[in-house]
Each structure stands twice: as C-alpha cells, then as structure tokens.
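**Q** Below are the features listed in Swiss-Prot for this protein:
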- ARG43, GLY44, ASP95, ASP96, LEU97, ALA98, ASP99, THR100, GLY101, GLY102, THR103: 5-phospho-alpha-D-ribose 1-diphosphate binding site (BINDING)
- ASP96: Mg(2+) binding site (BINDING)
- ASP99, ILE142: xanthine binding site (BINDING)
- ASP99, THR100, GLY101, GLY102, THR103, TRP141, ILE142: GMP binding site (BINDING)
- ASP99, ILE142: guanine binding site (BINDING)
Amino acid sequence: MSTADRYRKVFPVTWEQLHRDAKALSWRLLEKGPYKGIIAIARGGLVPAAVIARELDIHLVETICISSYQWQEQTSSHKVLKTVEGRGEGWLIIDDLADTGGTARLVREMLPEAHFATVYAKPAGRPLVDTFITEVSQDTWILFPWDSEVQYVVPLVNQPQQS
C-alpha cells in the first residue's frame, strides 16, 4: 500500500502536547509500578521515556534500537540494532506509538515479561501494549515534534503579488 493510500489524515503533535500526554501516561503507570527501570525503544520512545523517568523517579534507562521507518514508509523488515538482556521482568518498555504492531510484536517476543506502554496507539498495534493514552485511527500519520520544525513565513503583505 502506498503512503498516499495508507495515510489520509495528519495528526500534528507539539512538544507541549507530547509532554502532557507522556505525563498523563506516567499517572497511569504510577500505580502499576514500581519498575526496575525503563527500556526506551529508540528513537521514538526516547523523549517520552525521559519525561516518564522523571515523573516516576526512575534513574535506570536502557535502550533497545529497532529500525523500521523511512519517513512515512514503514519497511517490511525490522532491523534490531541493539537489544537488552533478560525477559523484561520488572521493566517498563516505552515507545511513542504502536502503529501496525511490528515493532511492538518484536519487542514483546524479546521481553515478554515487561510492561509495555506507549503514548499513542493505533487499532492494529493496540492489542500489543499494556497501557497507552490516546488512540489514533490507522489511516492517520502522527507528525511528532522531532520530525518537524517551526519556520518563518513571510507576511502576506511582503510576498510577491500574483497577477
């Protein structure tokens, strides 16, 4: 399926919204702990993991690195670049999004005893996570703040006039 067919909507997330949503996720996770530490799925889980680590006073943060996206194209294979030892008992896994479930499924296989939490979840990925904050439709591209930037736009009065 092409990108144009797959994503019909865009959901832009600001830094402030991501922080609010990660903090809301922290509230949900607080009663489910304590945790030995956090395993952040890089790269998308790094920022939410930092917020959650602060809110839950967790000082041990590991990463698991899996490559699966090139802009809006999700590759068919997931490449594990870095993993962690064990089965995940007592650990909290954090990612930004459970989309098709490919990454979540792979991490679940590696760390079946961990608690898996994401800030956002789509219908296909939702069954693979234990805790999340916001569900987004499968045909929506979530535009995270690290994938965008604020740019200066020339005021209309200063733009060249079209005849």
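Just so it is clear, glycine is given a Cβ too, placed from its N, Cα and C backbone atoms.
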**Q** Would you give the longest CA-CA distance, in whole angstrom, between residues of ASP99, THR100, GLY101, GLY102, THR103, TRP141, ILE142, the set recorded as binding GMP?
**A** 17
**Q** Looking only at DSSP and grouping its letters into three states, which state does LEU97 (5-phospho-alpha-D-ribose 1-diphosphate binding site) belong to?
**A** strand
**Q** Quick one: of LEU97, ILE142, which of the binding-site residues has the smallest count of other CB atoms within 10 A?
**A** ILE142
**Q** So among LEU97, GLY101, THR103, all listed as binding-site residues, which is physically nearest to TRP141 (GMP binding site)? Use the C-alpha atoms.
**A** LEU97
**Q** So of ASP95, ASP99, which of the binding-site residues has the fewest other Cβ atoms within 10 Å around its own Cβ?
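**A** Per-residue Cβ counts within 10 Å for the binding-site residues ASP95, ASP99 bottom out at ASP99.
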**Q** Listed binding-site residues are ARG43, GLY102, THR103; which of them have CA atoms within 10 A of the CA of ASP96 (Mg(2+) binding site)?
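**A** Cα filter at 10 Å returns ARG43.
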**Q** Using DSSP and three states only, what is THR103 (5-phospho-alpha-D-ribose 1-diphosphate binding site)?
**A** helix
